[in-house]
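Read through the structure below, which is laid out as C-alpha cells, and then see the notes.
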C-alpha cells in the first residue's frame, strides 16, 4: 500500500508532494522519508510500469562472451566446411581422372572395304590426282597446223555461213556444208601457182602470229613453272596411254598425243656423261650408217670398253665441261644453282 502511494506522489509536483506527505504515518521506513525530501528536480521521473510496481528488479544477463565464442565457432565451422568441400571436390576430380584412365575409349575396328568399295576409292583418288595434274599442267595457246589449203578452206567457209543463215534444220545445214567442202576441194585443185603462193603466205603469217603469242605466254611464266607443267603433262600422257591400252572402244587412243610438252627456249639441257659423249661422237662420224640401232649400240659399247684410260680421259673432260656449262646456264635462267640429282629425282617423283 505504501508503495502505491509513493508512486502516486512521485508523479505530482514537488510542492504538492510535500503537502501530501505531511499526513503520512510516522512509522514509515526511513528510505521513504529520504526519498520524499531529497529530490531537487523540477520534473517527475517516470516510474516502472504498473505490473512491475512492487516487484524486485531482475538481473540482466550479459552474454557477450558467449556471443563472441559462438561467432568464432561459427567462423571455424564455416572454414572447416569450405576445407571439407575442397577436399571432396579434389577427391571427386581424382576419382574422375582415375575412372577416365581406366575407361579409355576402345579403338573402333577399321572398316573392311569390299572390292567394289576399294575400286571406287582408288578411282576417286586417281581422279583427284588427275585434276591436280591438270591444274599444274597449265593451258598454253594452241598451235594450229596452218597450211595453204586450210587457209583456202577457211576463206571459202565464209560463203557457207551466208548460205546457212536463217536455216534451222541441222540435216539441211550439214548437207550444205558437205556440198560446199566438196566444191572447195575441186576449186583448190584448179588454183594457179600464184593463188597457191598467196595462200601459203597467209598460212605462214598465221603460224608466225600464233608462235609469237605462244612465246609471250611461255615467257609470262617462270622457267620453274614451265618445268613443273611439263612434268605434270608427262604424267598425264602416261595416264592417257594407260587408259588407251585398257580401253576397248578405241576412243581414248585418239587422245594418246594429248598434253604435249611446252616448248621453252629458256630450258637448260642436262649434261651428259663420258660414255654418252663417246656415243654421240661415234654416231656423228658416219661410220655406223646402214647399221641397225641395236647393232650399232653393241659396237659402240664394245669400242668403249676397249679404249685406254688416256682415250677415255678426253670424253671425261668433255663431260666436266658440260657440267660447268649446265651450272652456269641454269643459274642464269632460274636465278639459283641447280639442286643435287637426288633432290631433282625426288621433286620429279612428287
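Every residue, even glycine, has its Cβ placed from backbone N, Cα and C.
Here the structure is a predicted model, which means the values were calculated and not measured.
Copied from TrEMBL, the annotated features are:
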REGION    21-147  region 'Disordered'
COMPBIAS  67-77  compositional bias 'Polar residues'
COMPBIAS  81-97  compositional bias 'Basic and acidic residues'
COMPBIAS  99-111  compositional bias 'Basic residues'
COMPBIAS  112-135  compositional bias 'Basic and acidic residues'
REGION    237-266  region 'Disordered'
COMPBIAS  244-257  compositional bias 'Polar residues'
DNA_BIND  268-334  DNA-binding region
DOMAIN    268-334  domain 'HMG box'
REGION    329-350  region 'Disordered'
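With helix defined as DSSP H, G or I and strand as E or B, the DNA-binding region (268-334) counts 51 helix, 0 strand, 16 coil. Confidence over the domain 'HMG box' (268-334), given as mean pLDDT on the 0 to 100 scale, stands at 92. Residue counts for the compositional bias 'Basic and acidic residues' (112-135) under DSSP (helix as H, G, I; strand as E, B; rest coil) come to 21 helix, 0 strand, 3 coil.
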